[in-house]
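What Swiss-Prot records for this protein is below:
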type    : residues                  : note
BINDING : 21, 80, 119, 448          : (6S)-5-formyl-5,6,7,8-tetrahydrofolate binding site
DOMAIN  : 215-370                   : domain 'TrmE-type G'
BINDING : 225-230, 244-250, 269-272 : GTP binding site
BINDING : 225, 244, 246, 249        : K(+) binding site
BINDING : 229, 250                  : Mg(2+) binding site
């Protein structure tokens, strides 16, 4: 069991309860020096008592819960001390335990110990951080599934298939003279193809994961006075942007966040894109163009009550290669625009003023970012997972080509299969380095 660590596990500030958490060798004896109860402390019981300082003066009263190894979050002996949530009390308790021999925990160190002690694999440990930082109900649901091992269930069988292949290759080398069962070339290719197929399915979730974690960057773009700011306000359901009939009212971008059926969206209302001699407006137009480049999805807004202009078509040419939705606004005034100019496009007709068509627009946004996320998402991969999966796939594609065309030696086959297996093992934390663990757990809050 490792040295004792201690941290305040609740957010800083005044509250009804504040928790001081300890884990490691001898933590119960350490805490008992200062926390006195009338009864013997038993694991998993709540014990009321008094916390005294190092001079024997009463500091606070509270409740102690002891978790005996290995039946704890970290897999070590743990103590959680529930005190009144006064920052001064919690800080003083922290000082007491540090002076008595505990070390201040590093960010994420409790979860790191849980991983090192086999209580969680690395994808589950990462899910703890995702769960704590979840900004939407959908993000919370998916993080909880991954904490329960949902992602691991998809990756571990792929690695086991590669390890099974490795075992056959090693047996072929070690017992070449003996009559043992071997796989045909076709069987090997089939097994590798099965792993590649599984990797491809996981890679499809990378974009979804990015959207759930960071939000979809959604830019509203169009010429001046087509109702971009009105649409911005309608989607936000509040009057955030100034709306007038004067072209060029919005001179700089405005950015807000909202949720569309559980998906976080970073919505940007851009300045109307046009040629202008006004210096301030020109700067706003350039900044708007930068936001267009950064956007995951563009809402290209036209005024359905007017003819399509050359300015509309010029902006459309600039954005049509990016993911976009054509939004015909102001349909409540009648449709005079020749929408055939956008032949082949799915055009969503809305009235930002009346609120019509907004539900259809929301559905179209979800389709563009990857499907109805609220119902279908069980797992998603992070950038770290995506990088390792792509590396594993690259190695397996190379192996398959060489195995089929060049009839590579068993020794070379072993190297490729081992490398691909190790990449998958790194996702699960079965292959790790201290640098990797330090990088992952440093993003956690202290006390978790």
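Cβ coordinates come from backbone N, Cα and C, glycine included.
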If you run the three-state DSSP split on residue 225 (GTP binding site), which class comes out?
coil
What three-state class does DSSP give residue 448 ((6S)-5-formyl-5,6,7,8-tetrahydrofolate binding site)?
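Its secondary structure by DSSP: coil.
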Using the alpha carbons only, what distance in Å do you get between residue 448 ((6S)-5-formyl-5,6,7,8-tetrahydrofolate binding site) and residue 229 (Mg(2+) binding site) once rounded?
42
Using a 10 Å radius around each Cβ and counting other Cβ atoms from all shown chains, which of the binding-site residues 21, 119, 228, 448 yields the largest count?
228
Would you mind ranking the binding-site residues 225, 229 by how many other Cβ atoms sit within 10 Å of each Cβ and giving me the lowest?
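Comparing Cβ neighbours within 10 Å for the binding-site residues 225, 229, 225 has the fewest.
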Averaged over the domain 'TrmE-type G' (215-370), what pLDDT does the predicted model reach?
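Mean pLDDT for the domain 'TrmE-type G' (215-370): 79.
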Whole-number answer please: how many Å between the C-alpha atoms of residue 21 ((6S)-5-formyl-5,6,7,8-tetrahydrofolate binding site) and residue 229 (Mg(2+) binding site)?
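One finds 49 Å between the Cα atoms of these residues.
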